[in-house]
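Asks: Okay, so TrEMBL annotates it like this:
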type     : residues  : note
DOMAIN   : B:99-304  : domain 'ABC transmembrane type-1'
TRANSMEM : B:12-34   : transmembrane segment
TRANSMEM : B:103-127 : transmembrane segment
TRANSMEM : B:139-161 : transmembrane segment
TRANSMEM : B:181-200 : transmembrane segment
TRANSMEM : B:243-268 : transmembrane segment
TRANSMEM : B:288-311 : transmembrane segment
Amino acid sequence: MSNELEFLSRRVASGKLSRRDFLGRAAALGVTATFANSLLSGAARAAGPIKGGTLKAGLVGGESTNSLDPALMMTQVPFAFGKCWGEMIVELSPEGKLENRIAEEIGSSDDAKVWTLKIRDGVEFHNGKTVTAADVAATLERHSDEKSKSGALGYMKGIETIKASGKEVVLTLKEANADLPYLLSDYHLIVQPNGGKDKPDAGISAGPYVVKTNEPGVRHGGERFANYWQGDKMGHADQVEVIVINDATARTAALQGGQVNMINRVEPKIVDLIKRLPGVTIRNHAGPGHYVFIMHCNTAPFDNNDLRMALKLAIDREEMLDKILRGYGSLGNDFPINSSYPLFTEIEQRKYDPDKAKFHYKKSGHDGTVLLRTSDVAFPGAVDASQLFQQSAAKAGIKIELKREPGDGYWNEVWNKQPFCASYWGGRSTQDQMYSTAYLSTADWNDTRFKRPDFDKMVLAARAELDETKRKQMYHDMAVLVRDEGGLILPMFNQFIDATGAKVDGWVDDPHQELMNGYALAKCWLQA
Amino acid sequence: MSSPILKLIAQRVALGIVLLLAVSVLIFAGTQILPGDVAQAILGQSATPESLANLREQLGLNDPAYIRYFRWLGGVLTGDLGTAMSSGQDIATSIKDRLWNTLFLAFWAAIVAVPLAIILGLIAVRYRNGWVDKLISGLALASTSFPEFFIGYVLVYFFAVKWQIFPGISTVYDGMPFGERMQAIALPATALTLVVLAHMMRMTRAAILNVMQSAYVETAELKGLSAFNVIRRHAFPNAIAPIINVVMLNLAYLIVGVVVVEVIFVYPGMGQYLVDHVTKRDVPVVQAVGLIFAAVYISLNIIADIGAIVANPRLRHPK
């Protein structure tokens, strides 16, 4: 690290230099933005968090139907509030490494089939009890039970037995899985007393904040937990509050009016306007989320790979990235993985090529129009994106007919039912998770009906492989298969775009989820 | 009060109850017609035949529809609205706070809007066809013609963002001090006032103008009463029936039709609660809210009816 950079980053931390100026100078010194950012946050941390105050977030993604039961968490508000009151077994650090929380140590047998979690001493629940191995085991058991309707059930099914003995929890898997610790970082797996079996929605865990108010769809509030086990790292504000603001304009106005300190999901089209507001900082960063058009590989006419290839070549990704995301994203390449995943490898970028598309379209022998279903809820700007797709395809001689479906019921009636529609994926933390969720023949959410026994074998083999180089090659081969023969058209990866108001400090970009992987309220602080 | 009036009122109330029962049958029937049943909705995609059968047994869905209807009705009459499928919470408890919030907002909006509309209406009649009349009508019509969300955003822009007088987020909660609560609802109440103002004002104006054509108004004028006194003493009492009607209609709107304003100002009222549960297909909640809205409409209409009868001697003393 050059001395000059270090000096500059300290000046930002002490408020003498703006963040943007710093990034500009860092770029002039030949430093990448990512590294400069991490430098910056390091300096801010060095300046030290300030305790006190109330940190408020205005977030989209909360309904009056929400519950504090971690198994049922689906949308952004329960997710972000869960990271305030919940404590995890293991978590992903902003750098993508595993960070041990309640588990002090995680070890596996050589074949990655038996995993041992050593439980940390002296972690306390909000109700005063100490977290034990039995609590962790009970939590995992509850999420493996069909009845809990847990969002983590899909992964938990792979665990055959869960045993607590002394300070250890031993998990035996049905099949080897080198990624198990990553799976345990799933946000549903908040450790609860007796696994939450007694009262799933009690809202008691061992996180930095104790639940004080819980009005689903309105607001959630927490007060700092005095006995939090790592109080130096998290839980700086005295109180945190999440206010549900589903309307984008109201959210921006609340940030502007100073009623909240941070908001999520700033629309790309207004980012440039918000940037200019005094005190407001846009926090945008790449993540694994992507916008897609999905074709069922087993339904006519999409059962023909030439037609699928024609459509993949007939989409103008650069135009879409530019017009729909206003550049706040990156190009997709028809496989669901990007550089935010460990073990990612570059593959040649697919480009808009009307001539080649025409060739494949002719070869497919398809005649007439192709019906694409779309809706506002598929992803922000989905209807516009579908129209762009229609126009770029028309230039290749492919007629796409658009059908706009109502947003209400889109995820029940259209997605994963109709053969060709617009959709989105939030991404997962490992490649294995992503492929197992949506590309295995047996996956419920195989929304492209990509059913290939050879691919399934590759997924299972890569899952059990502990050698990183070999594993990387396997994932590369899988990506090529999905890209060239699958039913996925992936024009772009979107970015998380959050915004913070004046005085919010301690922000660290986290590629895993929006709002610093949900930890913004717990990890940020208010400047004095 | 003479006994024919009491009889009339009793009749209206009885009619209202019959109507409400009819509505409850409709609501129940409507939710029965929807594809799938509650058990299927609860279990969703993960439904297996056995779990479906178990849950149906547990919820009593195997009984004939009329038995389920009476069971539901009995629950409603004893204040038990059931539990929400989506969150497992008791519906009556969660509705109580929301309904109270909605009524609170509607009350204060009405307190401002109703007298304002009537007074503006009276002034408009007094200076009819003059520039005052045209200004009042023009402004009121303009505020009604703008969609609610537009008015809401304009209010937020000036009062919450630019001048920062009132909060743009109207989240209210239990135990909030009265002053803060009033400050929080200032903007949504203003938006609602602007939305309902013109309808009531124009109706007041039209009703009074109608009466102004009559012979007795001319007599009053001829005997030398001032123009405002003519309106106040002679025209207004005779025009009150249609005014009550339109006021009640608008009050009903303030209670059941304010989803958009609730969303913009993030106000925890009934509208947002209903929408959330409709999208989740949470039938018990939708039934309960539907019934409450119907009750509000019917009772406000009864009040309007009775008000109109009491105000009109011809209806008060039917032949």
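Placement of Cβ uses the backbone N, Cα and C atoms for every residue, glycine included.
The model shown is predicted, which means the values in this text are computed figures rather than measured ones.
Tell me what's around each of these sites.
Replies: Outside the transmembrane segment (B:12-34) by six or more residues, the chain places 65, 68-69, 72-73, 76, 281, 283, 286-287, 290-291, 294-295, 298-299, 301-302, 305-306 with a CB less than 8 A from a CB of the stretch.
Same-chain neighbours of the transmembrane segment (B:103-127): 133, 136-137, 140, 172, 181-182, 185, 188-190, 192-193, 196-205, 208-209, 212, 227-228, 231-232, 235-236, 243, 247, 250-251, 254-255, 258, 267, 269, counting only residues six or more beyond its ends whose CB sits under 8 Å from a CB of the stretch.
Only residues 6 or more beyond the boundaries of the transmembrane segment (B:139-161), in the same chain, are considered here, and those with a CB under 8 A from a CB of the stretch are 117, 120, 167-168, 186-188, 190-191, 194-199, 201-202, 260-261, 264-265.
Using a Cβ-Cβ cut-off under 8 Å and counting only residues 6 or more beyond its ends in the same chain, the transmembrane segment (B:181-200) has close neighbours at 104-106, 108-109, 112-114, 116-118, 120-121, 137, 140-141, 143-144, 148, 151-152, 155-156, 159-160, 166-172, 243, 246-247, 249-250, 253-254, 258, 261-262, 264-265, 267.
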